[in-house]
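Pasting a structure here, questions to come.
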Amino acid sequence: MESTFIMIKPDGVQRGLIGEIISRFEKKGFYLKALKLVNVERSFAEKHYADLSSKPFFQGLVDYIISGPVVAMVWEGKSVVTTGRKIIGATNPLVSEPGTIRGDFAVDIGRNVIHGSDSIESANKEIALWFPEGLADWQSSQHPWIYEK
């Protein structure tokens, strides 16, 4: 099974969207493998977004991520990276489809509620960064009702 890193950003936490977001991933049939509420340190945020460090919006993004707690999660399931991105919606909420998290809950690109890994490689990197202690080893009893053999 594939894994992805999902982070509910400070605006999503402050607006009380944690349960709604978790529910959407659970209803799709994905399994929560790790979760923590974190106040992110500046140096850690800079490491997480290191690939964007040359962009003009980098400092604003870092300031935003450290402005309040985030919920860091790992989800597991078939094609969870690609499907997770579809559940999340386009980076710019104004072009996100209704029914996606950003399409339903966000307006500004700088307050777009959620982050999701964009590839298996970035998922592996982000999971290792955010969860060096490892993930929960379990499988839902619903597994055979969601996935074929």
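Positions of Cβ are set from backbone N, Cα and C atoms, glycine also.
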Suppose a student reads Swiss-Prot and sees Lys9, Phe57, Arg85, Thr91, Asn112 listed for ATP. Which of Arg24, Arg102 should they find annotated at that same site?
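Within the candidate list, Swiss-Prot flags Arg102.
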Cα-Cα separation of His115 (active site, pros-phosphohistidine intermediate) and Lys9 (ATP binding site), in Å?
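Just about 7 Å between their Cα atoms.
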Which residues of the same chain, at least 6 positions away in sequence, have a Cβ lying under 8 Å from the Cβ of Lys9 (ATP binding site)?
Tyr64, Ile65, Val70, Arg111, Asn112, Val113, Ile114, His115
